[in-house]
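> According to Swiss-Prot, the region 'Domain I, interacts with DnaA modulators' annotation covers 1-74. Here Swiss-Prot flags 74-130 as region 'Domain II', drawing on sequence analysis. The annotation region 'Disordered' is assigned in Swiss-Prot to 85-127. Sequence annotations record features per position, and here Swiss-Prot assigns compositional bias 'Polar residues' to 112-127. Look at Swiss-Prot and you will find 131-347 tagged as region 'Domain III, AAA+ region', backed by sequence analysis. The ATP binding site annotation in Swiss-Prot covers G175, G177, K178, T179. Annotation comment: Swiss-Prot describes 348-467 as region 'Domain IV, binds dsDNA', evidence class sequence analysis.
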Amino acid sequence: MSADVWSQGCERLATELPEQQFNTWIRPLPAAELVDRGDTAVATLRVPNRFKLDWIRNQYAARIESVLSDLAGKPVRLDLQLAAREAPPRPSSDAPRSNGHPQAAGQWLGAPSSSNAGAYTQASAPTPTHRLNTALTFDTLVPGRANQMARTAALHVAGAPGVMYNPLFIYGGVGLGKTHLIHAVGNALLRDKPDARILYLHAEQFITDVVKNYQRKTFDELKAKYHSLDLLLIDDVQFFAGKERTQEEFFNAFEALLAKRAHIIMTSDTYPKGLADIDERLTSRFDAGLTVAIEPPELEMRVAILMKKSDVEGTPMPEDVAFFVAKNVRANVRELEGALRKVLAYARFSQKDINIALAREALKDLLSIQNRQVGVENIQKTVADFYKIKVADMYSKKRPASIARPRQIAMYLAKELTQKSLPEIGELFGGRDHTTVLHAVRKIGGERGKNTELNQQLHVLEQTLKG
């Protein structure tokens, strides 16, 4: 088979795919090795890292095979392989090594080599050490609807930093996996490019650095540290609120990094326009790239998390027990992991098999608090107060949008936060049919992923109800 088939295939893909997608994922690839096998052919394509390989397999492999088959006049199978890479330079004997445990915030990752000076800016910065939490990777992150968009965007950045979605702003409640996701990007890039300059830190560490350098009048050191990065990962930028000097220095670093096409990923508990006491210059830039939310995990995702985490702990959890725990622990991944540890510890100490009865006993305090706090009546009152309508409107037949909308939101929350069935919820909303409740649940649930304002309102209501 002619080697020209691959170049012709790329030319066709360039016309069929959006330009940015083609330039990000297809153009940088080396030419495929084409082997004729009689009635069929194999195109071996070597991809530089696991993340690009998985993404190309899931998003483009079928399209590539179709184009190559058409050009070759016979079926072509795409064989994706990881490209061999030279081992990175050995660290000096006195360089700290990663121990795999969570590390203190604000640590350097990777050092630029002289051979890569064109790609990475050198600066008089501290000697880097590999201090990311190596356990927080894409492989250990359980995917689901709640984190689908954020995970997809993070994979894009890991595969092609500085190209698209810059900055990437990830927001959501406590314990939903934002930190895990940005560590995963850092670990992915570090594995692909060991000489990249990467820095993960919490916003409070940046504030501390600004204060320290302000006191010492050493702002050149601050610039050398932050302006020379290839990837900045910063958690909880809402902590910058009201700190004008910190915001000024972060703005300068932000502009310097974007100018050199370094990538910035931030997390927050709210979307950019919802950040209080932060300069509009910053929030407008936060919003200029891609803003994505991580939602509380849905039931199936919670079950998957429990099953995966329990396997890692070496004590697999039966599926029926995982469903029981997942139905009763809804807030976030952190609480879910806490519940799992309680169940596993209880089983270990009591030397009993893990079953629903044991899980109920292990979590009795948690279940008691939840049952006492979240009821349909409490939801109705909380939602009515939030939207400034009467509680009686929840049961009435009134249909103006100012009443119908909060009523649908209350039905949605009743389904999400209680164990009530659809008919039971309908009965508590003035004897409505279960199909009415189902419509409300689907409508609000569907809009939540698209409507930032609605999502924020629901987040506030959920946090209020859960105490």
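Note that Cβ sites are derived from N, Cα and C of the backbone, with glycine treated the same way.
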> By the DSSP assignment reduced to helix, strand and coil, which category contains G177 (ATP binding site)?
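In the DSSP reduction, G177 (ATP binding site) maps to coil.
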> For G175 (ATP binding site), what residues in its own chain, 6 or more apart in sequence, show a Cβ-Cβ distance under 8 Å?
A331, N332, V333, R334, E335
> Say we define neighbours as other CB atoms within 10 Å of the CB. Which of the binding-site residues G177, K178, T179 has the fewest?
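Counting other Cβ atoms within 10 Å of each of the binding-site residues G177, K178, T179, the minimum falls on T179.
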> May I have the DSSP-based helix, strand and coil counts for the residues of the region 'Domain IV, binds dsDNA' (348-467)?
90 helix, 0 strand, 30 coil
> Quick check: with G175, G177, K178, T179 left out, which same-chain residues have Cβ atoms within 8 Å of the centroid of the ATP site Cβ atoms?
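Checked against the 8 Å cutoff, the neighbours are G172, V174, L176, H180, L181, T267, I294, N332, V333, R334.
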